[in-house]
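TrEMBL has this to say about the protein:
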type     : residues : note
SIGNAL   : 1-21     : signal peptide
TRANSMEM : 227-250  : transmembrane segment
TRANSMEM : 292-320  : transmembrane segment
TRANSMEM : 326-350  : transmembrane segment
TRANSMEM : 362-385  : transmembrane segment
TRANSMEM : 391-415  : transmembrane segment
TRANSMEM : 453-472  : transmembrane segment
TRANSMEM : 484-510  : transmembrane segment
TRANSMEM : 522-542  : transmembrane segment
TRANSMEM : 554-582  : transmembrane segment
Amino acid sequence: MCPLQYEIVIVSLAIVYTVTSVRSDASDHKYKVGDQVPLYANKVGPFHNPSETYRYFDLPFCSPGHVKDKKEALGEVLNGDRLVSAPYRLDFLGDKDSDIVCKKTLSKEEVSQFRNAVIKDYYFQMYYDDLPIWGFLGKVDKEGKTDPSEYKYYLFKHLHFEIFYNKDRVIEINARTDPNTLVDITEDKEVDVEFMYSVKWKETSIPFEKRMEKYSQTSSLPHHLEVHWFSIINSCVTVLLLTGFLATILMRVLKNDFVKYAHDEESADDQEETGWKYIHGDVFRYPQYKSLLAAALGSGTQMFTLTIFIFILALVGVFYPYNRGALFTALVVIYALTSGIAGYTATSFYCQLEGTNWVRNLMLTGSLFCGPLFLTFCFLNTVAISYNATAALPFGTIVVIFLIWALVTSPLLVLGGIAGKNSKAEFQAPCRTTKYPREIPALPWYRGTWPQMAMAGFLPFSAIYIELYYIFASVWGHRIYTIYSILSIVFLILLIVTAFITVALTYFQLAAEDHEWWWRSFLCGGSTGLFIYGYCLYYFYARSDMSGFMQISFFFGYMACICYAFFLMLGTVGFRAALFFVRHIYRSIKCE
């Protein structure tokens, strides 16, 4: 099997396995009157801190006699879901009116616990027949009071469930609290509470197959779609104008260069060469740290492949709203199964650059992204354990992830590396490299690496920054994002602009007789990842209400890993585009 077929088989396995293993809306249950429909309590936490969630019964709610944990998939655990049997019983078509869950005397400590939860806007989340239920625990009465010490804190004690059904299936559920049945928990004193709930069943004509559409409609409302399409049109116009302008200049300059160099060859052989032709003997000189560059290209290619297949799964409807853990399951499985692509790409390119220690290169490839991610995970998991939050992974889950890495990721990485080493591919440089490198002339400051990275990253970032807000509001908030078609268009624009701006800057670098373009093209292509991380700072301080050490650590820690992945992926796109361009222009002239 050739290496290309090998890669296709690996990626195909990733898609098939992910689609079949990701949890679908399997709760296609039919019920009879009086049947017990599964209701699970999931978690509680501050509304503005999505990463800081706790088990439902960490708060002193009424607990059923035997709390039963629901068996969860890997993605659900990674998502922080910890489903347990709820204290309410909602039988199919069984109306209830103010049924008592339990009578409880809250101690001073429990009152304080509930009051702190109300102050921090705690919400609860449950699942009824795999349909999500949200609600707040209480409210703060600030009316007519300016001094926070005068605020009154109340706990909701009556929950009303409104359930819609179609024949023998559950279609929709809403939960609301009764504002007239409150418990005053302002003072630290024992309080007698009678927790109650009501259930009302109503018939609906909505078919079972469309019951999840309710949750995706918010992001598809006309005014939301107008904003999305405006961002797309704005990005397209900006990008087309700028890239068209640059393309016109670049093509005209290149055409003049080709005519000039062809005329020089005909008129005088001893005439001194200038511009990018002058460095034809150095432009394909292998770069420093070629093992690191090859490893970065391997990891970037894997990230690109991973992103493409995540988009495919999203477009075919795998990541519908509240499909718990589907995205995390897909990420873990596809990343593991595409590690062979990283190994093949890195080792193949490294051997093309006449590298000899391909084993070390393979180890570097395997640890280039996983290493920082592992260190970040260790720190953040320790923080989550200290908070006793559900984001802390159980030991069993950590063992499962380690086994996936040891038994799937690493072997495929090695197999890909062996295939890359044996591919016997050549670098295909159109010009011979001279023995001694030419000296690079002194260049102005704006032609340095950092100013060029700033210029290269700004244009692609300007094409995606509007859509970034909706992505952040979905990942780090409670908005639902389902318009994956628009996101795919934005991603395509990002790739095109990244490739083009990198090619343009590479040409200007070569025209200035600077032949060290290898690393520069990779860094310029990946610099958009740094801009995205800069946007994280803006979003955190200006567009969100997140607070607390744990939430800050999770936000900036995991966003650093995501932006690093973007840096590797877009750096690879930029380098490949620049390499294609450089090969093309030097094939078009006569090199001696």
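Quick reminder: no glycine exception, Cβ is built from N, Cα and C everywhere.
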Fill in the blank from the handout: Same-chain residues at least 6 beyond the ends of the transmembrane segment (484-510) with CB under 8 Å of its CB atoms are 228-229, 231-232, 235-236, 239, 243, 246-247, 250, 253-254, 275-276, 279, 283, 307, 311, 314-315, 319, 447, 452, 455-456, 459-460, 463-464, 467, 471, 517, 520-521, 524-525, 528, 570, 573-578, 581-582, 585
Exercise for the section: Report the listed stretch (292-320, 326-350, 522-542, 554-582) having the maximum count of Cβ pairs within less than 8 Å of the transmembrane segment (362-385). Expected result: 554-582
Exercise for the section: Taking the transmembrane segment (292-320) as the first stretch and the transmembrane segment (453-472) as the second, find out whether 3 or more Cβ pairs fall under 8 Å, excluding pairs closer than 6 in sequence. Expected result: no
Problem - When counting Cβ pairs under 8 Å to the transmembrane segment (554-582), the leader among 227-250, 326-350, 391-415, 453-472, 522-542 - result: 522-542
